[in-house]
């Protein structure tokens, strides 16, 4: 009897009509680079008294990668990954000068270096930063359920063996109207396009759990793909774990690719069936959102080279995509030292994480209008990172909301930020947040609101 993993690898292509989702490059990765597994780095938090470690890397023995999204979709049993280790993920220096020195340091390249620059595109809140963090193995980009958490382009760097992959984490593609509505920076309009100019590969990320938008690529994404059609692209269907009916994935695949992948027509029967509840109407349906005066408007992209179905929250799902990206790297010099994880400064990372928490905990449009000002950033006598940041708001009522009853909300925000920063910088963090009116003296309430020490 065939092993469960082999049965799963054979079953899904049959469902798709002999079309294989899993890339050949990912399957060949384990044989090309047998020393992929490195040493696991363990981080001990002295303050919290807890021991945490990086994600565990299972043996790459399956055809489509271990514990892949395909196996999850098919309901196959998963291997025990508790006995294997993941490559070490570098920390980010808490010192700006050290970080800048590392960024400027000549890359410590091997004899045969390879490089790949990857732009990640998608609608706002599709999960781009979550995917980037999982690929990097450490959270360095802010993540929130609200849109426009990422406000400018930032780089993430994956370095394993001879290959270096540079992730261009871009803001969600928006229109000038959205920029004005949310009081957003000009970079939100410009950065995604700049990323495409230097990209070797484009990942188009689609949130398949959003039944209102999942059946077609956004016009901005299609415009970007059309203008840079010479850049190879792959489709990543995210949040597949949220789907109750996995058959919807077949219909979405046909819609988002226009039935063509890597130059081959997909053979999917009744991809746009009339079954209720799929949330995936036919492209030919007379819908005002998909039609124009010149005829049907394109809703998919027929030039994707590969398709991945995953949950960006799953370490194992994302590992399959990571292996594919490393294998796609082509001969060329590295751009960064192997110890570089991101191009952001420590202060930028901190401000981004604080903004993430503000988006999570504050209502409506309020977090978009909070200004941040770093007052203190220094190393304490015991080697801890000491941070004091002031949050500026426009209304006295917003001061009260942000502080919360007896300082509960601002303390909770500081607590969550501090824990994230410890995992990024691998050091103890002492964080204090204060709140004041942007055009007045510090609020009396704000004087009692501060973060905790870790």
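Using N, Cα and C of the backbone, Cβ positions are placed for all residues, glycine too.
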Suppose you had to name the range TrEMBL annotates as region 'G1'; which of 114-121, 122-129, 130-137 would you pick?
122-129
138-142, 143-147, 148-152 - the range that TrEMBL marks as region 'G2':
148-152
Looking at the ranges 165-168, 169-172, 173-176, 177-180, which is given as region 'G3' in TrEMBL?
169-172
245-271, 272-298, 326-352, 353-379 - the one TrEMBL records as region 'Disordered'
272-298
The region 'G1' (122-129): DSSP-derived helix, strand, coil residue counts
2 helix, 1 strand, 5 coil
DSSP helix/strand/coil residue counts for the region 'G4' (238-241)
2 helix, 1 strand, 1 coil
